[in-house]
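Taken verbatim from TrEMBL:
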BINDING   F10, S11, G12, G13, Q14, D15, S16, T17, T18, C19, L20  ATP binding site
BINDING   C186, C195, C198, C201  Zn(2+) binding site
Amino acid sequence: MKNEKAVVVFSGGQDSTTCLFWALSKFKEVTTVTFDYGQRHAVEIEYARKIAEELEVPFKELDMQLINQLSANALTRDEIPISEEEGELPSTFVPGRNHLFLSFAAVHAQTIGAQHIITGVSQTDFSGYPDCRDTFIKSLNVTLNLAMDAQFVIHTPLMWRDKKQVWELSDRFGALEFVQEKTVTCYNGVPSSGCGECPACQLRNDGLEAYLAEKTGGAAK
Ligand code: ZN
């Protein structure tokens, strides 16, 4: 897949940073697009910018604050607690987020002549977000191609990996420490290993612990 251009939907978190390394190993020209939707962890945008600079890839920030005007959820309203209840969408679900982000990424891709779009969604450690599922991505891929008379390929390198396997993938690119130190996954915007309390931190840190235990020949499987 060399000699082709790719756009990475990039948030400065563990998943999309791992996807960025994945894309850099596959495509000749890689660019990133980051969305400002008034997220409570807006600090992630600054981390995304710094990572892009360090890896010398173009960084494009798009204003998507209109999502915030339309819906209230725990990621866009400080007063809404982060909660996950059985049988309900998590309070951190932002309706339309991945649909809109990928659609705008596709507009950007078409503008710069890129065929490939990469997103770090995964349904393995299922967050409860319907727009992280494989069927949604495949459906949107068809829709975008029809909408824009294009032949985009949406890549989801993390779709079938759990968090431990995402850490393993970053290690394969020699980027384990980079991802550990320079990304923000935490819903409260605390970089690196984060606040340690929110669901995003727990998933990230448990995955890292499991991976490191396996790597050093520990008991964890
Ligand atoms: Zn956290």
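Positions of Cβ are set from backbone N, Cα and C atoms, glycine also.
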**Request:** For ligand 1, pick out the binding-site residues S16, C195, C198 that have a CB under 6 angstroms away from one of its atoms.
**Result:** C195, C198
**Item:** Cβ neighbour count (within 10 Å, all chains shown) around F10 (ATP binding site)
**Value:** 32
**Distance, C198 (Zn(2+) binding site) to L20 (ATP binding site) (CA atoms, angstrom)** = 24
**Asked** Hey, what's the Cβ neighbour count for C198 (Zn(2+) binding site) at 10 Å?
**Response** 20
**Asked** Which one of the binding-site residues (L20, C186, C201) has its C-beta surrounded by the most other C-beta atoms within 10 angstroms?
**Response** L20
**8 Å Cβ shell about F10, S11, G12, G13, Q14, D15, S16, T17, T18, C19, L20 centroid, ATP site members excluded** = V8, A48, G120, T183
